[in-house]
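Inspection log for the structure reproduced underneath, given as C-alpha coordinates.
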Amino acid sequence: MAILPIQTELKERNKILRAMSQEVKDIGDPRIQKLIGDMHETLENTENGVGLATPQVGKNLRMFVASPALELAQTVFINPVIVKISKETDSMEEGCLSVPGKYGKTRRATSLKVEAYNEHGKKFKLKAEGLIAQLVQHEMGHLDGELFIDKAKNIKTHS
(Lines of atoms letter the chains of each structure in order from A and count residues from 1; the text may use other names and numbers.)
(Lines give C-alpha, C1' and ligand atoms only; values in the text may rest on other atoms or scores of the structure.)
Protein backbone atom coordinates (compact mmCIF):
# COMPACT_ATOMS: atom_id res chain seq x y z
CA MET A 1 0.00 0.00 0.00
CA ALA A 2 1.00 3.59 -0.51
CA ILE A 3 0.12 7.04 0.76
CA LEU A 4 -1.32 8.97 -2.17
CA PRO A 5 -0.95 12.72 -2.80
CA ILE A 6 -4.18 14.62 -2.09
CA GLN A 7 -5.53 16.90 -4.82
CA THR A 8 -6.17 20.45 -3.61
CA GLU A 9 -8.01 23.50 -4.85
CA LEU A 10 -6.55 26.68 -3.49
CA LYS A 11 -6.21 29.50 -6.02
CA GLU A 12 -7.60 27.95 -9.20
CA ARG A 13 -10.11 25.25 -10.11
CA ASN A 14 -8.72 21.73 -10.01
CA LYS A 15 -10.01 19.83 -13.06
CA ILE A 16 -9.97 16.44 -11.33
CA LEU A 17 -11.82 17.68 -8.25
CA ARG A 18 -14.38 19.47 -10.45
CA ALA A 19 -15.12 16.54 -12.81
CA MET A 20 -18.05 14.11 -12.61
CA SER A 21 -16.80 10.69 -11.53
CA GLN A 22 -17.58 7.48 -13.43
CA GLU A 23 -19.00 4.27 -11.99
CA VAL A 24 -16.58 1.56 -10.93
CA LYS A 25 -17.13 -1.26 -13.43
CA ASP A 26 -15.10 -4.12 -11.92
CA ILE A 27 -14.79 -3.98 -8.15
CA GLY A 28 -12.59 -7.09 -8.14
CA ASP A 29 -10.01 -5.52 -10.47
CA PRO A 30 -6.63 -5.63 -8.66
CA ARG A 31 -6.10 -1.92 -9.46
CA ILE A 32 -9.37 -1.04 -7.69
CA GLN A 33 -8.46 -3.23 -4.71
CA LYS A 34 -5.03 -1.56 -4.49
CA LEU A 35 -6.65 1.87 -4.73
CA ILE A 36 -8.97 0.99 -1.82
CA GLY A 37 -5.99 -0.05 0.34
CA ASP A 38 -4.01 3.04 -0.66
CA MET A 39 -6.97 5.30 0.14
CA HIS A 40 -7.37 3.77 3.60
CA GLU A 41 -3.66 4.23 4.27
CA THR A 42 -3.76 7.80 2.96
CA LEU A 43 -6.78 8.65 5.14
CA GLU A 44 -5.16 7.11 8.22
CA ASN A 45 -2.14 9.36 7.67
CA THR A 46 -4.10 12.61 7.52
CA GLU A 47 -4.79 14.94 10.39
CA ASN A 48 -8.52 15.16 11.18
CA GLY A 49 -9.66 13.34 8.01
CA VAL A 50 -12.80 11.20 8.39
CA GLY A 51 -13.48 10.48 4.71
CA LEU A 52 -11.64 10.42 1.40
CA ALA A 53 -13.14 10.29 -2.10
CA THR A 54 -11.31 9.05 -5.20
CA PRO A 55 -11.17 12.48 -6.92
CA GLN A 56 -9.15 13.66 -3.92
CA VAL A 57 -6.42 11.18 -4.89
CA GLY A 58 -6.58 11.90 -8.61
CA LYS A 59 -9.10 9.29 -9.84
CA ASN A 60 -12.57 10.14 -11.11
CA LEU A 61 -14.32 6.99 -9.90
CA ARG A 62 -17.50 6.81 -7.79
CA MET A 63 -15.96 5.58 -4.57
CA PHE A 64 -15.05 6.88 -1.13
CA VAL A 65 -13.71 5.48 2.12
CA ALA A 66 -14.63 6.38 5.70
CA SER A 67 -12.34 6.32 8.70
CA PRO A 68 -12.47 3.12 10.77
CA ALA A 69 -12.61 5.44 13.82
CA LEU A 70 -16.25 6.16 12.91
CA GLU A 71 -17.04 2.51 13.72
CA LEU A 72 -19.30 1.97 10.70
CA ALA A 73 -20.21 -1.53 9.54
CA GLN A 74 -18.81 -0.57 6.12
CA THR A 75 -15.89 1.78 5.41
CA VAL A 76 -15.79 1.44 1.60
CA PHE A 77 -18.61 2.93 -0.49
CA ILE A 78 -18.48 2.01 -4.19
CA ASN A 79 -21.02 3.46 -6.64
CA PRO A 80 -23.02 5.01 -3.77
CA VAL A 81 -26.56 6.29 -4.31
CA ILE A 82 -28.64 8.23 -1.80
CA VAL A 83 -32.05 6.54 -1.93
CA LYS A 84 -33.76 8.54 0.81
CA ILE A 85 -32.95 11.92 2.31
CA SER A 86 -34.63 13.95 5.03
CA LYS A 87 -36.14 17.35 4.39
CA GLU A 88 -34.81 18.45 7.76
CA THR A 89 -31.43 20.17 7.50
CA ASP A 90 -28.81 21.48 9.85
CA SER A 91 -25.81 23.72 9.41
CA MET A 92 -22.58 22.15 10.66
CA GLU A 93 -18.96 23.22 10.36
CA GLU A 94 -17.00 21.36 7.69
CA GLY A 95 -13.48 21.27 6.42
CA CYS A 96 -11.87 19.29 3.63
CA LEU A 97 -8.49 17.72 2.95
CA SER A 98 -8.68 19.17 -0.58
CA VAL A 99 -9.27 22.72 0.69
CA PRO A 100 -6.72 22.83 3.50
CA GLY A 101 -7.13 25.44 6.19
CA LYS A 102 -10.66 26.48 5.21
CA TYR A 103 -13.77 25.79 7.28
CA GLY A 104 -17.37 26.88 6.98
CA LYS A 105 -20.94 26.15 8.01
CA THR A 106 -22.57 23.86 5.46
CA ARG A 107 -26.31 23.10 5.44
CA ARG A 108 -27.02 19.43 4.81
CA ALA A 109 -29.81 16.93 5.39
CA THR A 110 -29.76 15.52 8.92
CA SER A 111 -30.46 11.93 7.87
CA LEU A 112 -30.35 9.75 4.78
CA LYS A 113 -30.23 6.21 3.47
CA VAL A 114 -27.43 5.27 1.07
CA GLU A 115 -26.94 2.14 -1.01
CA ALA A 116 -23.46 1.16 -2.18
CA TYR A 117 -21.15 -1.78 -2.77
CA ASN A 118 -18.34 -2.75 -0.42
CA GLU A 119 -14.82 -3.78 -1.44
CA HIS A 120 -16.05 -7.36 -2.01
CA GLY A 121 -18.78 -6.30 -4.43
CA LYS A 122 -21.57 -6.91 -1.91
CA LYS A 123 -24.41 -4.38 -1.97
CA PHE A 124 -25.35 -2.80 1.35
CA LYS A 125 -27.65 -0.12 2.74
CA LEU A 126 -26.75 2.33 5.48
CA LYS A 127 -29.07 4.61 7.43
CA ALA A 128 -27.06 7.63 8.50
CA GLU A 129 -27.76 10.56 10.82
CA GLY A 130 -25.80 13.56 12.05
CA LEU A 131 -22.06 13.43 11.37
CA ILE A 132 -22.31 10.26 9.26
CA ALA A 133 -25.07 11.77 7.07
CA GLN A 134 -22.91 14.87 6.69
CA LEU A 135 -19.89 12.74 5.76
CA VAL A 136 -21.82 10.79 3.10
CA GLN A 137 -23.16 14.00 1.52
CA HIS A 138 -19.72 15.66 1.63
CA GLU A 139 -17.94 12.69 0.03
CA MET A 140 -20.66 12.18 -2.58
CA GLY A 141 -20.30 15.86 -3.46
CA HIS A 142 -16.71 15.07 -4.45
CA LEU A 143 -17.99 12.38 -6.82
CA ASP A 144 -20.12 15.02 -8.56
CA GLY A 145 -17.33 17.60 -8.81
CA GLU A 146 -18.51 19.68 -5.85
CA LEU A 147 -16.56 20.98 -2.87
CA PHE A 148 -17.99 22.04 0.47
CA ILE A 149 -16.87 25.64 -0.21
CA ASP A 150 -19.49 25.78 -2.99
CA LYS A 151 -22.25 25.57 -0.34
CA ALA A 152 -20.60 26.79 2.85
CA LYS A 153 -21.37 30.07 4.58
CA ASN A 154 -18.96 32.11 6.69
CA ILE A 155 -15.84 30.44 5.30
CA LYS A 156 -12.89 31.00 7.60
CA THR A 157 -9.22 30.30 7.12
CA HIS A 158 -7.27 28.55 9.87
CA SER A 159 -3.61 27.66 9.65
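Glycine is no exception: its Cβ is also placed from the backbone N, Cα and C atoms.
Quick look at what TrEMBL annotates:
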BINDING   Cys96, His138, His142  Fe cation binding site
ACT_SITE  Glu139  active site
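Proximity of His138 (Fe cation binding site) to non-local residues of its own chain (separation of 6 or more, Cβ distance below 8 Å) is seen for Gly51, Glu94, Cys96, Thr106, Arg108, Phe148, given in sequence order. Taken residue by residue with DSSP, Cys96 (Fe cation binding site) is part of neither helix nor strand, so it is coil. One way to see the shell of the Fe cation site is to take the Cβ centroid of Cys96, His138, His142; the remaining same-chain residues with a Cβ within 8 Å of it are Gly51, Ala53, Gln56, Glu94, Leu97, Ser98, Glu139, Gly141, Glu146, Leu147, Phe148. The number of other CB atoms found within 10 A of the CB of His142 (Fe cation binding site), across every protein chain shown, is 25.
Long-range neighbours of the residue listed as 'active site' (same chain, six or more residues apart, CB within less than 8 Å of its CB): Gly51, Leu52, Ala53, Phe64, Ala66, Phe77.
Other C-beta atoms found within 10 angstroms of the C-beta of Cys96 (Fe cation binding site) number 27, with every protein chain shown included.
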